[in-house]
Each structure stands twice: as C-alpha cells, then as structure tokens.
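This report concerns only the one structure given below.
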Amino acid sequence: MRRYVAALDQGTTSTRCIVFDHGGRVLGLAQREHEQIFPRPGWVEHDAETIWRNTELVLAEAMRTLELSAADIAAVGITNQRETTLVWERATGKPIHHAIVWQDTRTDRLVGELGGAQGPTRYQDRTGLPLSTYFAGPKLRWILDHVPDARERAEAGELCFGTMDSWLLWNLTGAHITDVTNASRTMLMDLRTQRWDEDICADFGVPPAMLPEIRSSSEVYGEITAGPLAGVAVAGILGDQQAATFGQACLSPGEAKNTYGTGNFMLLNTGTTPVFSKHGLLTTVCYRLDDQPAVYALEGSIAVTGSLVQWLRDNLGLISSADEIEPLARSVDDNGGAYIVPAFSGLFAPRWRPDARGVIAGLTRFVTKAHLARAVLESTAFQTREVVDAMRADAESQQLDLELTTLKVDGGMTANDLLMQFQSDILDVPVVRPVVAETTALGAAYAAGLAVGYWSGTDDIRANWAADTTWRPTMSDQDRATHLAAWNKAVERTYNWTA
C-alpha cells in the first residue's frame, strides 16, 4: 500500500524533502542548505550541481529516517524557487554557468534595452509581467550573451534551459519539462495559450530548441530512475508561491494567501480568466490540474521582508538571532516615529522602482534599537498593505467580485504574533494561520497525489485545511490612516537613488 506522498521543496536557501500522509500532515522531513554566491554587487548565484546532490541526500535521508521505501510512496511532487535560471548541456547534464537567482539584478540595463520605447509594459499584455530583472527570460539572455559559444550551442540543440523544477526533474527522470506556473515566470510564455511565444523568444534571442516542454501542474511526468525512490512517479510541479496557494486551499476566486519568507508573495485566485493588472501587480498562472482549464492569480511580489530581519542581525548586529526581534520590538509601544523601507534592490510590487534604495526615515534621539526592531516588522505589514490596496483597485476598476475578507498566511515570519496582529490591524481584515505550516511543500504533494488518485479531488484539499490561529484588527481608523500616510512619505524618499 502506497501510504504517503513526498514533496521536494527546492528553495532559495535550502532543499527539503517532506513526507505527508493522506490528512496533509507532516510525517517527517530532511533539509540541506546551500551556499549563496555573490560574485559582484547585485549578483546572486547558486551552484546547481550542489543543489542536485543535496536533493539526492534529503530524499535518501527522509526515507531512511522514516524507515520507508519506494513501495510506501504514491508519488513525488516538486516545488521550487521561481525564476532562478539555469542552462545545462543536454549530453552531459552539466551546467554551463551557475544558476542565476531570482534576486539577481545584473540584467538591469538589458531589461531597459528590451523595453525600448514601450518601456516595462512592452510584453505585459501577453505574459502578465512587466520587464524586470526578477524574471527568467532576461537572465537566460544574459547567459547566452556572456558564456562563450552558448548561443550557437543552444541553436544546435545542445543546451537545455530550465528553472529549478526542470533541473530536478531532468536529474530524477531524464525528462525536459516544466509546468505552466514556472513557465509563466519566464516572460517567454503567452498566458492565454500557455505556450512559448515565438515572437518574444525571438526578441529575447532565445532559441526554442533549448526550452522545456510546458505541461500541467498535476500529471505524471516520468518515473524516478535511480536511488531509494526508483520507479516512483514524479507527478506534480508548482512554483513555490503557487504551491503555497494550492496548499492553503485557495481554490476559489477571491481567496488569497500571503507567504512570509525571504520576501513576501501574495496571490489572489482570480479564476479561469487572467486578470491583467493596472495597478502594479503580476498576472500569473496559479495552477492547472491535468487537462482542466488553468486557474490564474494576481500576485504581489515583495523583495525584502524576512531578509530585513537577517540584515538587522548580520549587518547591524542589533540582534544575535532572528527570534530575538519580537521580544525586543514588544519592549516599546510603537515605532517611535521611525519607518524602514527595505528597497535594497529596488521596490517590487506594486511600485516597481528599480531606482529605489533603502531608507530609515523619522529618526530622532528618542529612537532606540527596539523602535527599529518594531519598524522592521512593521515594514513587512505596510508593504503587504500596498499589495492588498492594488488588488482592491484592480478588482474595483475591472468590476470583479474579488473582495478580500480574510488573509491566509504562511511562512516563517507567521510565528511572530506581534507582526501578525499588526498585519491584521493595518489591513483591517482577519489574518489566519493554518495548522499545517508547510503549505508550499504540501501544495506540491497535493498536485502529485491528485495526479495518481491518492486524493480524489480538490474537495479533499479543502477538507484537510484547518485554522490554527486567527488575529483580528483592533487598531482605530485614525491610527491606521496616520501610519499609512507616514509610510507612504518614507517610501517616496527612496526614489531616484540610482537614476
């Protein structure tokens, strides 16, 4: 009896294997971190071969620790850091360059050139995305331009491009495939047809021969060829934020989740018709189950939230561990008038200002490190409020029935009760954390399990979801308005630093 489903969660800082039972509960997990490589300011890379070795190790470790074999696992799902870009040799499977990570900004000038006179929105009506260093297409173009002979080899069919899902699947099964959610983050896929857009690929100088096949998020892509799970089907792939949305059972239009990690990523399910934002949000594929129509989402991507706590710890030394920030912030009643805008690599949604850089505003002699700790946490909530406002503006202007009444949350920072209460206060809606915190891996497990009949349908996913903690707003309208006005003033101080 195949009693469990395994998920591989290939993230920005680590790779994990998590095993789930039919109730969506975590049976056990294994995790390995990998190095963050910073060759130059603004550049971020990963060693993809190390990530693959770590994948093999966590698979084996999880099976060994739980005393399971391939006969116990119904299917494997993959979820991954999105946009991180890799090119490898088809014949040897060897990368020709380190993976270029989603946070990397080396393509800033290239993005401007690609936009031309039309600017960042040149391809948005087809891809749902503004031209940005964030997405995979410009990163791929950079590799083709800068690695000797890469373009010629790609045109000859000797090279494969993929995001990290494709890299893991290639090594597990030999198949060169991506799913529609990851493809939707490349800037090379037409959102409506869910196929590679030949004209955009030509504009980017990307040979179609190197692109993976686009498939649904829930189907059998192939069987694992070696290791402790040899013969088990890989049957689900979702980009990490889409996986968290699926794992949070945001399966109906108007349901939204916000993941608090290195950055914040809020997705709002908009149903089977793509909604193109006029207010700085991304339009993306939320998921597609086998041959069913794709479900779309509006997304607000925030670059720096949890990593701001790391900055406070590692760069300023104001705390020695991340979990010290909550008691420090609680030791004062408010932020003392200080606001921190962490535009370390520009501002993502909804402002999209690559010229912005971080500021601390409102400093006086009264401000202590406790006030700064509180300002760090509050900046996450303020940035989330901006995304929610953009979603509301899109819904109103396009007459969509997508009112956000509750926000489901997940990710490491949701353990911070002070932040979650402030988030509820500044949004003026309840904030709900689920019982199962591993929503990203759970979403990938659900996609894989549905494909092989382990779960019978999405009703099973809804039934598995349960609330753990709910925070309700207590802030007055006047206090909320005062905070938001001060925050906006601080954000506007970040503009034009690199112009």
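Every residue gets a Cβ built from N, Cα and C, even glycine.
Marked as ATP binding site by Swiss-Prot on the basis of sequence analysis: Thr12, Thr13, Ser14, Thr262, Gly306, Gln310, Gly412. DSSP assigns Gly306 (ATP binding site) to a helix. Within the same chain, residues at least six positions away from Gly306 (ATP binding site) with a Cβ under 8 Å of its Cβ are Tyr260, Gly261, Thr262, Gly263, Thr380, Gly411, Gly412, Met413.
Here Swiss-Prot flags Thr12, Arg82, Glu83, Tyr134, Asp240 as sn-glycerol 3-phosphate binding site, drawing on sequence analysis. Cβ-based neighbour count (10 Å, all protein chains) for Asp240 (sn-glycerol 3-phosphate binding site) stands at 27.
Under the heading ADP binding site, Swiss-Prot lists Thr12, Arg16, Thr262, Gly306, Gly412, Asn416, citing sequence analysis as support. Taking all protein chains in view, 22 other C-beta atoms sit within 10 angstroms of the C-beta of Thr262 (ATP binding site).
A simple way to gauge crowding: the CB of Tyr134 (sn-glycerol 3-phosphate binding site) has 28 other CB atoms within 10 angstroms, across all the protein chains here. Tyr134 (sn-glycerol 3-phosphate binding site) falls within neither a helix nor a strand when secondary structure is assigned with DSSP, and so counts as coil. Residues annotated as glycerol binding site in Swiss-Prot: Arg82, Glu83, Tyr134, Asp240, Gln241.
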Three-state secondary structure, Ser14 (ATP binding site) (per DSSP): strand
Maximum Cα-Cα separation in Å among residues Thr12, Thr13, Ser14, Thr262, Gly306, Gln310, Gly412, which the record lists as binding ATP: 16
Which binding-site residues sit within 10 Å of Arg82 (sn-glycerol 3-phosphate binding site) - Cα, from Thr12, Thr13, Ser14, Arg16, Gln241: Thr12, Gln241
Three-class DSSP secondary structure - Gln241 (glycerol binding site): helix
Cβ-Cβ neighbours of Gln310 (ATP binding site) (radius 10 Å): 13
Top Cα neighbour of Arg16 (ADP binding site) in the set of binding-site residues Glu83, Tyr134, Asp240, Gln310: Asp240
Alpha-carbon spacing, Asn416 (ADP binding site) to Asp240 (sn-glycerol 3-phosphate binding site), which is rounded to whole Å: 22
